[in-house]
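A.B. asks: Here you go, one structure.
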């Protein structure tokens, strides 16, 4: 047999078993590719997670820094508001409230706890003001008073001697002797003027001292009597001498500019002179419900008129209403110290039934009790028998009202 005859009976090896070797090769290749793709996919997923976490961290850091800046700006705004409202020391205010809360609320009629030393310090303020007006020099020695009066007596004696020397005592006096006498009298007058100048210097020192009202009035009467004597003597010598004229002028200007000082401890009202202007000052000690006109229904404040005799004949007071007996221009002032939890407090000064002055305070804080004062004042022309009274804007507002306190008061004096 030849090859050609055997060719139909021979089949290729790849065609046996339905192509099994080719299928196995493709499956292995696919598995190999799948195994290679799994790490790549996992790597991409991990990289994405890292990028997301990094982005989230950056965003969170930026957000925190922005919030920190906003917090700092808010703190600055709060600090500025505290400075404007004057509440930088809230802790100290809280301590003050804890210390005086019971005294201000539970015992409203208890006398204010001011010691005698504090009262003396208040009186010292008047003396210090008077001393400052006189070049800030204080003279408190009583011996200088006696020395000043001795100098004044010596000056009067010299004036009498000078007047006697200028009066002719003998009809036989020659003209030459007359010229000698006139020259000597002129020299004496010069000495008298120097002595009077030194007396004025001592007198200014004496005016700086604190004296009682009775001593000042007695001294003023003595000076007026001496002033009359000096005026008569200077008028007799005016035609021949030049020194008495300026002496009389200095004396008149000195008496014109005299002013009275108040001794420590005396009331301003009791220390006034006879020609002083009427004045009255009240410490607000109580209140009562009052229904007024014009829609004002607040409580009326009543003052403690312990100085009744000081303004008798000028003012009349009854149930918190002050009546003026003399027509004129008056200065009215008032202050109330509030201690409550309200944000707004205030009062009105009425002229009759018409509001004249108004005071309103706003304290927007979170403190349980807010202690603050409200003060107002002004000028007003009042006719005879016109009335002035003080009334709160609201009802039942807790205020510091006690006998002898210096926080709530009301006053008036004639200008």
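From the backbone N, Cα and C atoms, a Cβ is placed for every residue, glycine too.
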A.B. asks: Of 17-37, 38-58, which range does Swiss-Prot call transmembrane segment?
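C.D. replies: In Swiss-Prot, the transmembrane segment feature sits at 38-58.
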A.B. asks: So which range, 111-143, 276-308, gets flagged region 'Disordered' in Swiss-Prot?
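C.D. replies: Within the set 111-143, 276-308, Swiss-Prot attaches region 'Disordered' to 111-143.
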A.B. asks: Examine the ranges 79-109, 203-233 and name the one recorded by Swiss-Prot as coiled coil.
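C.D. replies: From Swiss-Prot, the annotated coiled coil range turns out to be 203-233.
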